[in-house]
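Remarks on the structure that follows.
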Amino acid sequence: MATGIRILRSPSSVLSKCAQLSRNFRPEARCFSLFSRPRSAYEEHVPLSPVGRLQLAISSGLEAFLDPRKGDAVADFGEATAQPYFIYKLRDRMLMNPTGRRILRDRPRLTSKSLDIPRLRALPSNTVGHNYAAWLDAEGVTPDTRAQVRYIDDEECAYVMQRYRECHDFYHALVGLPVFREGEVALKAFEFANTGLPMTGLAVFSALTLKKGEWRRFLDIYGPWAVRNGARADDVVNVYWEEELETDINELRTRLGIETPPDLRAMRREAREARRREKEAKEAMARAAV
């Protein structure tokens, strides 16, 4: 008759085995740290730690405040401040819109090649495409100058930011605002009221650095226009611009609920002419008094 022999392990060997199992099966989640960076999520992604993101927001924000025309600074500040909340909210607004969902699914890019700028120039003068091409020519810019998104951690949200960035010139053409400082501030105020992105709000504060006459025009005309139209208009990020190129531009404005502001270039010319006449009148009075 076989006799079973039971071997008892010592308490120390059991504890040693448990410790080994604990090391082998410990969770992979990383502890949160102000200096830890997430893993890269897409090819161009530059992950930032919370501290690194704060540093980028401060440095780029200061540059963008002093000059909202500095594209690199504006782009970096936009990405540094858009998450963790604002860019997700904008993405969700696209997901709630049928056209926005199609844009997220198709992921089109707005470039000189994809838009075929020579063809747009040949479209009727009342179309979105022709006005867009004419605006590019008048301002001396191209669709290919928009920086690649790098600092947004979520890959889909990175596309949302890229789409917003590439659509910016369409917003200019739609409302007729030029690219110089005063026009950029007015358009950014419109975008802030429409998208809620913090970067566009910073540009509104940069209106404080405008010259006296520009500041007065912003307070009296372009600021109120931007808030009123940006708040009531449909989400411009949900416009599939590639499908609207042959649309009558006034029809699109009506559909979106956007009215055009007074011609800023014309107002600046009138202001310069008024200053010239005033100067000449003062000089004439001074000569007559001699």
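Yeah, the Cβs are placed from backbone N, Cα and C, and that goes for glycine too.
The Zn(2+) site recorded in TrEMBL includes H168, D169, H172, and the single candidate from E156, E184 that the record places there is E184. Listed in chain order, the residues near the Zn(2+) site other than H168, D169, H172, E184 are F170, Y171, L177, V179, L187, each with its Cβ within 8 Å of the site Cβ centroid. Residue environment of E184 (Zn(2+) binding site) contains 20 other Cβ atoms, counted within 10 Å of its Cβ in all protein chains.
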